[in-house]
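Visitor: Okay, these came from TrEMBL:
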- 29-133: domain 'Endonuclease/exonuclease/phosphatase' (DOMAIN)
- ASP118, ASN120: Mg(2+) binding site (BINDING)
- ASN120: site 'Transition state stabilizer' (SITE)
- ASP331: site 'Important for catalytic activity' (SITE)
Amino acid sequence: DKILQEDPTSLGAEEPKLDTFWAPAQGTSKQKGFNGVATLARKGLTLSADREILGEDLDRDGRCILTRHEYFVIFNVYVPNDGPWSRSLARKMCFLDALRSAMQRERKEGKKVILAGDLNIQRRGRDCFWGTRMLDMRSLLVTSPPQGASSEHVELHNYLLDGGWEKVRELLRNRTFRTQTINASLQKRTIEKWRVVVEDKDGKEAFLGKPFESEGMAKGGYDDYAIEGRTVESHGEILVARPPDQIRVEQLFECLKVATGKLFSLKVQKEVSKQHGLPRSSPCCVQWMMKLERDGMTDSFAKLYPDAEGRFTCWDQYKNRRYVNMGARIDYFMVDNSLFDACAQQGADLYGAADPKGDKKWSVDSEKAALNACTAFGRWRQAPFEGGGLPDGTKSDYE
């Protein structure tokens, strides 16, 4: 707020043709200065703006600003993340419930609602990379492969039923955790990492996954191997962060190899992911998105491009995941149905289907087109392991 008042132009907060509205984190928030959202609008289009709409405790985090216009309102948000071990899930659900109530209040005043921003939720399985989608093994085991499934898909299903999944469960129930000393040759030093340790089919020690930065991340991070399920208590209510017997697609096939020696092709892994893959977001968050649909809102991107694969908005840059397009779609424009139906028009094809010369070479819905888009046809380069951060692009890369 101080910088906004003293030097607004330095933040782009004062533009001659725009009205700007800001909601920075403030007060006693633990993340003061970390969060913040802003909405920019052409001058004269905004009737009013409000950043005190969710309740004092949530408002001071700077995660929501409301602008009111003639026929509609826009909620611009940055929803909290669940965090490791889902520690922040309770607060996230408090935020989401307060947000939904605020949107309903605006509708009662006769306004159409647009919800825009980072919701930190994957709504559908295809909203995350195929290998990181979750499999509900209890459901998968009682669901026969679809008509036309490959013979290997049928073989996998029978193999899991005939004890394959039980061997994976046993493998993971007995997992342990320990440090491993790794030679960081580029830094010319050794570092300590944490590993998930199991016994393979021959009784030998084996590592699962890649090294973790800490014991906590190995036991309860985003890439953990927990199949026991996880719940969080919130104001007397139990929230399911992860149901038991759920596992990521890539982890299932990794564990099958370690526990049984059985290998399955990449083709069948993708086939299973497409049929059974669930979003990685906590079920209560996905259910909240479904409530928005029942409230009469449209996921605009999914409506306009229902078959698009690999169109993500977030990647783990620390691990250079953007450059192989291992990401997630967590940013949305949710629009009230009547407003969407009256105003929405599909524009040009999604970027990436045509090569830089303009010749269309790939399906607009394909994973290849999505990879082209998120890397600018390979012009964006990953950060080198020796440090230095992300390389700058050329002038044409930014145009």
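Just so it is clear, glycine is given a Cβ too, placed from its N, Cα and C backbone atoms.
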Visitor: Could you measure between ASP118 (Mg(2+) binding site) and ASP331 (site 'Important for catalytic activity') for me? Cα positions, answer in whole angstrom.
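Guide: Here the two Cα atoms are 4 Å apart.
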Visitor: Summarise the domain 'Endonuclease/exonuclease/phosphatase' (29-133) as counts of helix, strand and coil residues per DSSP.
Guide: 33 helix, 30 strand, 42 coil
Visitor: Pop the Cα-Cα gap between ASP331 (site 'Important for catalytic activity') and ASN120 (Mg(2+) binding site) into the table, whole Å please.
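Guide: Spelling it out, the Cα of ASN120 (Mg(2+) binding site) and the Cα of ASP331 (site 'Important for catalytic activity') are 7 Å apart.
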Visitor: ASP118, ASN120, ASP331: which of these recorded positions has the highest Cβ count within 10 Å of its own Cβ?
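Guide: It comes out as ASN120.
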Visitor: So what's the average pLDDT for the domain 'Endonuclease/exonuclease/phosphatase' (29-133)?
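Guide: That region's mean pLDDT is 93.
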Visitor: Can you tell me whether DSSP puts ASP331 (site 'Important for catalytic activity') in helix, strand or coil?
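Guide: Assignment for ASP331 (site 'Important for catalytic activity') reads strand.
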